[in-house]
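Over in TrEMBL, the protein carries these features:
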BINDING   D7, H8, G65, T66, G67, I68, G69, N98, R108, R132, R136  D-ribulose 5-phosphate binding site
ACT_SITE  C64  active site, proton acceptor
ACT_SITE  H97  active site, proton donor
Amino acid sequence: MIALGNDHTGYELKMEIIKYLEEKGIEYKDFGCGKLSSSDYPVYAKAVGRAIQNKECDKGILICGTGIGISIAANKMKGIRAALCHDCFSAEATRLHNDANVLVMGARVIGHGLAIKIVDTFLNTDFSNQDRHIRRIEMLEDQ
Ligand code: RB5
């Protein structure tokens with residue numbers, strides 16, 4: 001189950017992502033926002049982070065204008081590893097190396113076509129499970 005969250009700047013891109021998820025038969029839960037008028041990105045980062053923390057969802061996708069504010073907010077939450085990716089190489093590497101559980105994108109930074117490719121890469125790449133990466137991820141939780 002994929003948790004989706006966005007502020008007003010990410011609404012249109014989220015709708016494209018929903019189209020992709022539905023075409024692929026991937027289940028999702030939409031935590032908002034569902035509008036184009038001004039909204040506060042920390043609200044949606046928190047909702048998606050909580051859904052992952054309580055195991056209601058296993059991964060999340062967050063979108064704001066740059067992707068920066070919403071990733072800062074998500075990464076403050078225990079167990080959340082949110083990766084801001086605007087290319088497929090990073091999306092693949094962050095799954096392999098960081099076991100990132102949230103993909104973040106900036107709707108004002110990339111086009112919808114690339115964003116969908118990034119989502120596809122993120123969702124279809126498994127964690128490498130290599131000892132050195134497990135060790136480093138565990139170290140993140142000590143901070
Ligand atoms: C909203 O204008 C914008 O600040 C927000 O979407 C995001 O880019 C913040 O980091």
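Keep in mind that glycine also has a Cβ here, set from the backbone N, Cα and C atoms.
Remember, predicted model here, so these are calculated numbers, not experimental data.
Structure with TrEMBL features highlighted.
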| residue | record | DSSP (3 states) |
| --- | --- | --- |
| D7 | D-ribulose 5-phosphate binding site | coil |
| C64 | active site, proton acceptor | strand |
| G69 | D-ribulose 5-phosphate binding site | helix |
| H97 | active site, proton donor | helix |
| R108 | D-ribulose 5-phosphate binding site | coil |
| R136 | D-ribulose 5-phosphate binding site | helix |
Practice prompt. Anything from the recorded positions D7, C64, G65, G67, G69 with its Cβ under 6 A from ligand 1? List those in sequence order.
Written response: D7, C64, G65, G69
Worksheet entry | Span of D7, H8, G65, T66, G67, I68, G69, N98, R108, R132, R136 around D-ribulose 5-phosphate - largest C-alpha separation, Å | 39
Fill in: Packing count at D7 (D-ribulose 5-phosphate binding site) (other Cβ atoms within 10 Å of its Cβ)
25
Response to the item:
Cβ neighbour count (10 Å, all chains) around H97 (active site, proton donor) is 16
Practice prompt. Output the one of G65, G67, G69 that, of all these binding-site residues, has the highest number of other Cβ atoms within 10 Å of its Cβ.
Written response: G67
Response to the item:
Spatial hits near H97 (active site, proton donor) (Cα distance within 10 Å) out of the binding-site residues G69, R108, R136 come to R136
